[in-house]
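Peer 1: Here's a structure for you.
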Amino acid sequence: MSSTSSSAAQPGAQQLQKKPIYFGPFEVTNQVFLTTAHSFALVNLKPLLPGHVLVCPLVPHRRLTDLSPVEVTDLFTAVQRVQRMLARHYFLPFAPRSSSSSSSLSPSQPPAVEEEHGGSFNIALQDGPEAGQTVAHVHVHVIPRIRGATAKPASTSTDAVYEQMASEEGNIGGALWDRDHRQLREKKGENNHNGDGDKRPVPGGGFPSIEDAARVARGMEEMEEEAGVYKRVLELMEAEGL
């Protein structure tokens, strides 16, 4: 993998950086800090918490199932790399690892995020507009939760981050639309890649509020029946070569 943020980046990575990178219809070249063969990672125009970044395929696929197996592997390998980078940046200042724990790792075994201590992650993908996707380009949200700072309170049953992702607070497409249209107004008469015309993306995809007391555990017979339905659908797909 190559990071476009490093001054020691390889010539090929520097050439790739010169080529504009788009997140859906929006140019985000200067927000990109990592590029790989098939993916890129960018800082978020509207982060919900410090370190909230996005990882996307270079090809602007709309849905996760549109990606090839190679692209899927590259995308989630990039997600793991970004997690490790964010853990080093945000978690280690709070709970630095001992030298003994890091020296036991071989070069082929990168440190697990859990070993960084000091925090956890939300990893989320809103796959389509009904799920709250406001930019029609697959993107994985990577959100560090710093212990003692931005972690989910243990006293609450729900995590506000998921509610924020489905609200205007998490409307990335709307924020990018606002930015591009503001720039367009400031540069009247100049060509500008301003995205989706006059239609501002709207947030959505929130889960209905359900009290835990109303959620009753299902019986094994019901779950076996559902599993059987899915097995038969998979068999049909396999027979169709899908």
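Just so it is clear, glycine is given a Cβ too, placed from its N, Cα and C backbone atoms.
Just lifted these from TrEMBL, have a look:
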- HIS139: active site, tele-AMP-histidine intermediate (ACT_SITE)
- ASN44, GLN126, GLY132, GLN133, THR134, VAL135, HIS141: substrate binding site (BINDING)
- 19-152: domain 'HIT' (DOMAIN)
- 96-116: region 'Disordered' (REGION)
- 187-209: region 'Disordered' (REGION)
- 137-141: motif 'Histidine triad motif' (MOTIF)
- TYR162: site 'Important for induction of apoptosis' (SITE)
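If you look at the structure here, what lies around each of the features I listed?
Peer 2: In sequence order, PHE23, LEU54, VAL55, CYS56, LEU125, GLN133, ILE172 make up the list of same-chain residues 6 or more apart from HIS139 (active site, tele-AMP-histidine intermediate) whose Cβ falls under 8 Å from its Cβ.
Every protein chain shown contributes to the tally, and the Cβ of GLN126 (substrate binding site) ends up with 22 other Cβ atoms within 10 Å.
If you average pLDDT over the domain 'HIT' (19-152) in this model, you get 85.
Taking Cβ pairs closer than 8 Å, the motif 'Histidine triad motif' (137-141) reaches residues 22-24, 52-57, 60-64, 66-67, 75-76, 79, 122-127, 165, 172 in its own chain, all 6 or more past its ends.
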Peer 1: When you look at ASN44, GLN126, GLY132, GLN133, THR134, VAL135, HIS141, which the record names as binding substrate, what is the longest CA to CA distance in angstrom?
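Peer 2: Pairwise Cα check on ASN44, GLN126, GLY132, GLN133, THR134, VAL135, HIS141 gives a maximum of 16 Å.
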Peer 1: For the domain 'HIT' (19-152), what does DSSP give as the number of helix, strand and coil residues?
Peer 2: 41 helix, 32 strand, 61 coil
Peer 1: I need the most crowded of these binding-site residues: ASN44, THR134. Count other C-beta atoms within 10 angstroms of each C-beta and give me the top one.
Peer 2: THR134
